[in-house]
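Trainee: Okay, here's the structure, questions in a sec.
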Amino acid sequence: MVPSRGLPGGGIQPVERSLGEGDASVRNPSSFQPDGTGAMALASIATALSLCISLFCIYKHLTNYSVPRIQRYIVRILFISPVYALGSLFSLRFPGSSVGLETVRDMMEAFVIYSFLALVLEYAGGDSACVDRIKNEPPLRHFFPLGCLAPMPRDGRFLRVCKQGTLQFVFVKPTMALVSLIMLAKGLFWSRWYQAALLVIYNLSYSLALYCLALFYTGTKVILRRYSPVAKFLAVKSVVFATYWQSLLLLLWAGPERVSAWNNFILCIEMVFFSTFLGLAFSHKEYRQSLPDNINVLHNMKEVLSVRDVVADAYHNFMPTYQDYTLHRHDGSSRGNQRKYRARTFLAGNFDALRLRDHDQLQDGGEGG
């Protein structure tokens, strides 16, 4: 979601405030108004066009669902344009409903960032295979302004730091959106201290996530070259991060009274270009092949919308107890080409112990037979 929507740092602006006498320039009918009749018509056309582009790309992936472990993440990413476009249009048309719409966009934005990180790891063959393929590369130097820090060896700790720095964004965004709803209900949302806290928290979270994604891309670009990673990174970053700082610039230009309307209007127009960019960067063409005629699109969509992998991955990367588990690298489409790796992860309790033990027993039994 584009966070500020009227305030820096992600503040939710539920209703445009009434304009006083000092806002005569804004009332001027000769000036363009982002929530005027003409602007609404233009935003509606742009939203419809964006929906057509995005839904077509999603449908083509679901009907050519030949590599589920990769395409489920791609489809999730492609959904960000329809959610942004519809959310911005409805917020523009119904300012009083923007609170709930902002929360949905926050959660979708976090979901997309996680999906993108998971997609890149799948391209690399999984966590363990990724580490295997980059561990002999020279240590990675930090970017400015952190160049004074020691270079990072490209090992499991490097991968884990990048994942944690990105996954924190997945939790901060929806958590702060829900906190904002509570603060709004208590009449504290517009207080100076809370707005200052939002500004600090969101900027730190966005900056850390962007830095860790850039660090991860730089550290793994050698093994990702065949997947055209530059276009994919730019597409996701432009939608999530560039639009966030765009909202802050609009705040300085339009002021707090009109920034929400301007931001939503511009987003509606931008989503036409972003949906096209995403569709080209995450094309279905490389997954086209002869598939059965009875493709179950609804079943494929159900798999795409499941969030069990998000919960499990967050659990693995943030819990403080060490425990062994098994990673699998997908070398090909057949089960016999999967290789097992023993890796270290942070787990608490027995969340995965029984499932992994049963999986190992099944694999051992199959190999023995």
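For all residues, glycine too, the Cβ spot is worked out from N, Cα and C.
Look at TrEMBL and you will find 1-27 tagged as region 'Disordered'. Per TrEMBL, transmembrane segment is recorded for 39-61, 73-91, 111-131, 167-190, 196-218, 230-255, 261-282.
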Trainee: Which residues, given as numbers and ranges, are at least 6 beyond the ends of the transmembrane segment (73-91) yet have a Cβ under 8 Å from it?
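Mentor: Result: 1-2, 5, 43-44, 46-47, 50-51, 53-55, 57-58, 61-62, 97-98, 101-102, 104-105, 108-109, 111-112, 115-116, 118-119, 122, 236, 239-240, 260, 263-265, 267-268, 271, 274-275, 278-279, 282, 301, 304.
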Trainee: If I count Cβ-Cβ pairs under 8 A between the transmembrane segment (111-131) and each of 39-61, 167-190, 230-255, 261-282, which range comes out on top?
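Mentor: Comparing 39-61, 167-190, 230-255, 261-282 against the transmembrane segment (111-131), the winner is 230-255.
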Trainee: So if I exclude everything within five residues of the ends of the transmembrane segment (261-282), which remaining residues of that chain have a CB under 8 angstroms from its CBs? That is, six or more out.
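Mentor: For the transmembrane segment (261-282), the nonlocal Cβ contacts are 2, 4-6, 16, 33-35, 39, 42-44, 46-47, 49-50, 53-54, 56-57, 74, 77-78, 80-82, 84-85, 88-89, 91-92, 95, 228, 231-232, 234-236, 238-239, 243, 246-247, 250, 253-254.
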